[in-house]
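Notes follow the structure.
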Amino acid sequence: NIFMWKFSLCFCPEPVLLFANRIDIRQVLPHRSEYTLLLNNLENAIALDFHHSRELVFWSDVTLDRIMKANLNGSNVEEVVSTGLESPGGLAIDWIHDKLYWTDSGTSRIEVANLDGSHRKVLLWQNMEKPRAIALHPIEGKIYWTDWGNTPRIEYANMDGSNRRVIADTHLFWPNGLTIDYASRRMYWVDAKHHVIERADLDGRNRKAVISLPHPFAITVFEDSLYWTDWHTKSINSANKFTGKNQEVIRNKLHFPMDIHTLHPQRQPAGRNRCGTNNGGCSHLCLPSNKTYTCACPTGFKKVDHHKCLDKFLLFARRTDIRRVSFDTEDMSDDVIPLADVRNAVALDWDAKDGYIYWTDVTTDSINRALWNGTKQEVVVDTSLESPAGLAIDWVTNKLYWTDAGTDRIEVSNADGSMRTVLIWENLDRPRDIVVDPIGGFMYWTDWGANPKIERAGMDASSRIVIISSNLTWPNGLAIDYETKRLYWADAGMKTIEYGNFDGSDRQVLIGSQLPHPFGLTVHEDKLYWTDWQSKSIQKNSRMLLCGSECEFLCVFTPLVHNPCSVNNGGCSHLCLLAPPPKASSCACPTGINLQNDGKTCTPGMSSFLVFARRTDIRMVSLDIPYFADVVLAVNSSMKNTIAIGVDPKDGRLYWSDSTLKKISRSNINGTAHEDIIATGLMTTDGLAVDAVGRKIYWTDTGTNRIEVANLDGSMRKVLVWQNLDSPRAIALYHEMGYMYWTDWGEHAKLERSAMDGSDRVVLINNNLGWPNGLAIDMAGSQLLWADAHTERIEASDLNGLNRRTLVTPVQHPYGLTLLGSHIYWTDWQSRSIQRADKNTGANTITVRANLPGLMDIQAVDRDRPLGFNKCGRRNGGCTHLCLPRPNGTSCACPTGILLKGDARSCDDSPETYLLFSNRVSVRRISLDTNDHTDVHVHVPELHNVISLDYDSVDGKLYYTDVTLDVIRRSNLDGTDMETVISQGLKTTDGLAVDWVARNMYWTDTGRNTIEVARLDGTSRKVLVNNSLDEPRAIAVFPSKG
């Protein structure tokens, strides 16, 4: 008998109580009080349930407003439902049909979805106040729930929402917990106000109180016992389910016990899956109902036959979310599209072909898209937008059109944001909504500036005309009805909705009955829908729904249209745009680039442009076109603090310094071929200049107080000026004259000049300067121009610093300064703008671009202007290394620390006498041949923690120890041929010495307290000293004395 009892115990697992504790989910064994943590670091876990055969636990969090799931061992935590929840206080799992049901007392709904949250449907919403606990009987196809609203009750319905019945509505106040005893076909519930546990048959009959308690919250049943959580005693308790006797405290002193379940296979008995293996033939949801099943549609889908659903819904933006609502379901409930970081969505459109929703966000100033189920979310456009309030999709050629009330522009791009260009930039004053008509080739937009109007132009910006300009105040939403060929508009000032023909004729008021504040507008079939800001509703004739801002119908009549751009992109090299007949299409170029005379091909790139740094990006403004629009350099690397900029017009390359990354980098003007050319020995590179003629790059560094030069690839780097520099900033070159000029904004601010090899240095100006920032050379006018942020002036002088005069004053905080043609351009930190003025008079100041925080250096480029004669052009001026211009010719120079030989043309590869030192992550050299004493990085790869080093002058090898890798290595002085000579048996090698005569090396090891020796290749290793050593550090050898 005893053996048999033990045997049966093995096959009946002990029941485990699974409970939510707000900050965690725990499990406890009822008879042993064993208590284990399943999930912790939760915010506010309230309801929970499990799926025994799939080994999953589900819970709701009412602080995060999410439903989550995890494996029963606590792994793989995932969000299941993350939107549209307000207070999900109850949830239940259908373990047979794999469905999740939940109650929400905030939205007053019961919803259902698949276990992964897909195909979500509002199941019950009418006459629902505060639904709380929920329990399922999937074998019978029933759902039971409690409602603790003004008329507390317990109800049941079929699991498809049909056949709803009240089974108890007397002597109830706070019916909290609910559980079903499947074996005895009874239900139990707790009422926290009446302090009682009650039971009844599943139809509500034979109701009886079982136990009186302080404040019960949730309840579960197993075999002959009831288990419940109590808020007042912060405990889990049990009692006999028939008599209420044998009460026990299973666990007390809990944080805040909430929902509870018995984790045991008996609590989820097997039953027939009514939906079979093929989901009952349903396209979406198969829900059990009494003895059969129902095919159901997710919210927003319309049922077209017994099995199929089609999506057909209205989409609307509500500032911080985007929702869809189906007008084909009775409840008209809305469904939040699961999107991240929607701050202030305003405009909205939909591309039926690809299934993308597009929206603008006027807080993040971006245009975004995602599939309608929330996946594949991405930013399409996020630069140079200020208030993108209107958006329209041309579904025929896959183009995106938008208005910007901040920049007063209408722009177009491909649907993915590429090949963006400005279509209309003149005579716009706060453009708002935009719609396109690909059939007629026209676009229409509302403008609610000083002279409110509705305009029309071809989708290529041709044939622009005002079609409505009278009796308008705030023309807002626009909509096209393709069937009746009418244009509808809402006016928030006139409080009306009107319509007219496409040319503005036959204008009529449709609704003139004082609408509070109509905003978005859309047409579908014979109905018009609009959103209203003031009444916060969507309206259709007399129907109303809660809403926010813009509204878009998602099954708009999109007839098939002939696409003239479909064959060979309409013959265009870049953008092919639809146009009104007879033309049908025309070609356009990305912002800043002109169309060539053939009307089809775009020029290869900008020829005349401004390029400026904005700390985290670099932008260009074309001067080839009649408007100013900045385009971001699409470089494939992150910028942290880009300050100085240089341009090589010959190769079409941009150079920039980043003072956070401490690098100088370059790329092509189109952003390709990015590379770092200087990555060591920089601190704060404030100024940078490219000598496009002599093929060199010059830079100033206020951290190291140096001016340096190198080839354009960063090789042959040389320090030119290192004495008497305080804070050198801007630098400008005059290659033809052989001069370089720079500003210094240190304690004694000054403007200096020297030859481009660093010789003949003179101070040109050192009085009445504060923070001389920008510097430019006007070669045509033989003048020097500079901007001073302290004196708030832009000044000019001749090239010797004489005839000084003020050009522009006051300027708020000028930083970068450049010159092109007859204009100077500068960046201003305080006004966050780029300004332009006449270079001779300082008059006619205009703002080129505004709203640009973080502006730094600026350079103007004209790629068509001839470069001039290169003094070093023939055979590098006869030099082996650097050829640098001087006023009266050129001079040869060597990289930092190396002296020019007696022939004044050639250099050795390294200095004669120098110091070598390590600073853990680098090895550096300081030449003692020259007096600048600049440290130069020795480019040895893979340095982690270099402590000691020595040099073998016979083979020209550097030997060093790395205590992170525990190795001794050697390499050439240029970093090549690096190899490991000792790789084992080292701990902390603090000292190293090379015997250059006998060809051995000696080292100390403070970790092993030894001194060892080996040949230079690491062979024949031997311990010399291993006693009476405490922490041996430095070591030196004297070979001639042995």
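Don't overthink the numbers, they just go from 1 along the chain as shown.
Cβ coordinates come from backbone N, Cα and C, glycine included.
Source: prediction; values computed, not measured.
According to TrEMBL, the repeat 'LDL-receptor class B' annotation covers 55-97 (among others). For the repeat 'LDL-receptor class B' (55-97), the model's pLDDT averages out at 93.
Sequence-distant contacts of the repeat 'LDL-receptor class B' (98-140) (same chain, at least 6 residues past either end, Cβ-Cβ under 8 Å): 47, 51, 54, 56, 58, 60, 67, 69, 79-82, 84-92, 146-151, 157, 159-161, 164, 175-180, 182, 187, 189, 202, 218, 269, 271-272, 284-285, 287-288, 290, 296-299, 331, 333, 335. The repeat 'LDL-receptor class B' feature in TrEMBL is assigned to 98-140 (among others).
Through the fold, the repeat 'LDL-receptor class B' (141-184) approaches residues 90, 92, 94, 97, 99, 101, 103, 105, 110, 112, 123-124, 128-135, 190-194, 200, 202-204, 207, 216-221, 228-229, 241, 259-260, 266-267, 269, 274, 287-291, 293-294, 296 of its own chain, all at least 6 residues removed from its boundaries and within a Cβ separation under 8 Å. Residues or ranges marked as repeat 'LDL-receptor class B' by TrEMBL: 141-184 (among others).
Taken from TrEMBL, the feature repeat 'LDL-receptor class B' covers 185-212 (among others).
Per TrEMBL, the feature domain 'EGF-like' maps to 274-310 (among others). Each residue in the domain 'EGF-like' (274-310) gets a DSSP state, and the totals come to 3 helix, 15 strand, 19 coil.
Residues 347, 351, 353-354, 356, 358, 360, 367, 369, 379-381, 384-392, 446-451, 457, 459-461, 464, 475-480, 482, 487, 502, 520-521, 559, 561, 574-575, 577-578, 580, 588-591, 626-627, 629, 631, 851 of the same chain lie 6 or more positions beyond the ends of the repeat 'LDL-receptor class B' (398-440) yet place their CB under 8 Å from a CB of it. Feature annotation from TrEMBL assigns repeat 'LDL-receptor class B' to 398-440 (among others).
With a cut-off of 8 Å between Cβ atoms, the residues of this chain six or more beyond the repeat 'LDL-receptor class B' (441-484) that come close are 390, 392, 394, 399, 401, 403, 410, 412, 423-424, 428-435, 490-494, 499-500, 502-504, 507, 518-523, 528, 530-531, 550-551, 557, 559, 577-581, 583-586, 588. Sequence annotations record features per position, and here TrEMBL assigns repeat 'LDL-receptor class B' to 441-484 (among others).
With DSSP classes pooled into helix, strand and coil, the tally for the repeat 'LDL-receptor class B' (485-527) is 0 helix, 24 strand, 19 coil. Look at TrEMBL and you will find 485-527 (among others) tagged as repeat 'LDL-receptor class B'.
Listed as Cβ neighbours of the domain 'EGF-like' (564-603) (distance under 8 Å, sequence separation of 6 or more from its ends, same chain) are residues 394, 396-397, 399, 412, 414, 419-423, 438, 440-442, 458-460, 462-463, 609, 620-622, 624-625, 629, 631. Annotation source TrEMBL lists domain 'EGF-like' at 564-603 (among others).
The repeat 'LDL-receptor class B' annotation in TrEMBL covers 652-694 (among others). Note on the repeat 'LDL-receptor class B' (652-694): residues 605-606, 611, 613, 618, 620, 633-637, 639-646, 700-704, 710, 712-714, 717, 727-733, 735-736, 740, 742-743, 756, 775, 857, 863, 867-872, 883-885, 922, 935-937, 939 of its chain, located 6 or more positions outside it, place their CB under 8 angstroms from a CB of the stretch.
In the repeat 'LDL-receptor class B' (695-737), the DSSP tally of helix, strand and coil residues is 0 helix, 23 strand, 20 coil. For 695-737 (among others), the entry in TrEMBL reads repeat 'LDL-receptor class B'.
Residues or ranges marked as repeat 'LDL-receptor class B' by TrEMBL: 738-781 (among others). Break the repeat 'LDL-receptor class B' (738-781) down by DSSP state and the numbers are 0 helix, 23 strand, 21 coil.
The repeat 'LDL-receptor class B' feature in TrEMBL is assigned to 782-823 (among others). If one looks beyond the repeat 'LDL-receptor class B' (782-823) by at least 6 residues along the same chain, the residues whose Cβ comes under 8 Å of a Cβ in the stretch are 608, 610, 612-613, 623, 645, 730, 734, 737, 739, 741, 743, 749, 751, 753, 764-765, 768-776, 829-831, 835-842, 845, 855-862.
Residues of the same chain lying 6 or more positions beyond the ends of the domain 'EGF-like' (871-908) and with a Cβ under 8 Å from any Cβ of it are 691, 694-696, 708-709, 711, 716-719, 735, 737-739, 755-757, 759-760, 914, 925-927, 929-930, 932, 934, 936. Annotated domain 'EGF-like' per TrEMBL: 871-908 (among others), in sequence order.
Among residues of the same chain six or more beyond the repeat 'LDL-receptor class B' (956-998), those with a C-beta under 8 A of the stretch's C-beta atoms are 909-910, 916, 918, 923, 925, 938-950, 1004-1008, 1014, 1016-1018, 1021, 1032-1037, 1039-1040. The repeat 'LDL-receptor class B' annotation in TrEMBL covers 956-998 (among others).
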Exercise for review: By DSSP assignment, list the helix, strand and coil residue numbers for the repeat 'LDL-receptor class B' (55-97), in that order.
Suggested key: 0 helix, 21 strand, 22 coil
Practice item. Tally the residues of the repeat 'LDL-receptor class B' (652-694) by DSSP class, grouping H, G and I as helix, E and B as strand, and everything else as coil. Key: 0 helix, 21 strand, 22 coil
**Study point:** DSSP-derived helix, strand and coil totals, residue by residue, for the repeat 'LDL-receptor class B' (185-212)
**Key:** 0 helix, 17 strand, 11 coil
